[in-house]
Amino acid sequence: MDVEKKIELIKKKPTEELLTEENLRHLFEVGIPMQHYIGFEISGYIHLGTGLMAGAKIADLQKAGIKTRIFLADWHSWINDKLGGDLETIQKVALTYFKEGMKQSIKVMGGDPDKVEFVLASEILEKGDYWQTVIDISKNVTLARMMRSITIMGRQMGESIDFAKLIYPAMQVADIFYQGVTIAHAGMDQRKAHVIAIEVAQKLKYHPLEWKGEKLKPVALHHHLLLGLQEPPVWPIESEEQFKELKTQMKMSKSKPYSAVFIHDSPEEIRQKLRKAFCPAREVRYNPVLDWAEYIIFREEPTEFTIHRPAKFGGDVTYTTSEELKRDFAEGKLHPLDLKNAVAEYLIELLKPVREYFEKHPEPLELMREVKITR
């Protein structure tokens, strides 16, 4: 596969931002072995925004011939008070429920879970020279910048935090360089850490990204954050700035179960959640159900998506692109309930292999049900 085809695969949905395409092309051209990574806190049930969005992108990267890695961020989860801040519980969940759930998610999105390397953060954090990299990065970033970056943990600027949380952004950047990562992958909410990585790349003395004597910058790949199903706190949305802010605030959240569909939800749970979803008639700009359709159902276009309706309501209708679907919805030709029902049935079918896996192997999910879920 030539470089341009690889770049097209990397850019396809659900990619929302690539920092930068020019640098990605340069990395391919210099011939450095390409290593992807995406890091996850271990914090609760896996929802579609985690499993399917990351799984879809991992599938694309594999098709482009890139080695893929999932970094199970146990220490980072401990710092950020996940699962009650109990490191032993976090590690147990990471290596059972989370690992198996991500494998199944990758599989349903067309990737090969056996080609994904899973690394527990403890395995590298316990090496002394990792902390040299953390200090090296920290010496090249101001305290004010680190404090602004705590939003990568789902924390607000100005929120009262313990000191450990200020180390977190430097650790996240160190993870990239210590593992020799060329493509750092995350949701759009992790952008601040990745921008720091790009900016400090050529200043580092310990574990820089280097190939044949040249210090290189990693590429940052950010996928779309699926909107949560709940109604936003402010409606209607007046300004573009408000809209951008809301998109990040209203992402799917495991701490708000009705905002999210989890990868192992039952068919009835999926139907109930979609029925309750915020989906105002004719609204296409901020509509979680249309958002899910665009990034899950219409990830590959053209694709056939049929909405079944009684003849008296217009009968069945088939769409091949998300734009066709949005157009009919905006014009009032498609009722919100018909859209919700069709998306629910699509997800039920898509997630069937995941449900079947956890029915045959219930132990990881049972363990997860026993532990405290935090945001």
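Cβ coordinates are placed from backbone N, Cα and C, and glycine is handled just like the others.
Noted in Swiss-Prot for the protein shown:
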- Tyr37, Tyr168, Gln172, Asp175, Gln190: L-tyrosine binding site (BINDING)
- Lys254: ATP binding site (BINDING)
- 251-255: motif ''KMSKS' region' (MOTIF)
Pairwise over Tyr37, Tyr168, Gln172, Asp175, Gln190, annotated as binding L-tyrosine, what's the top Cα to Cα distance to the nearest Å?
17
List the residues of the same chain that sit at least 6 positions away from Tyr37 (L-tyrosine binding site) in sequence and have their Cβ under 8 Å from its Cβ, in sequence order, or write 'none'.
Arg69, Ile70, Phe71, Asp175, Ile176, Gln179, Val181, Ile183, Ala184, His185
Conformational class of Tyr37 (L-tyrosine binding site) under the three-state DSSP mapping:
strand
I'd like the number of other C-beta atoms within 10 A of the C-beta of Asp175 (L-tyrosine binding site), please.
26
Determine the most Cβ-crowded residue among the binding-site residues Tyr168, Gln172, Gln190, Lys254, using a 10 Å radius around each Cβ and all protein chains in the structure.
Gln172
About how far apart, in whole Å, are the alpha carbons (Cα) of Lys254 (ATP binding site) and Gln172 (L-tyrosine binding site)?
22
The motif ''KMSKS' region' (251-255) [mean pLDDT, rounded to integer]:
74
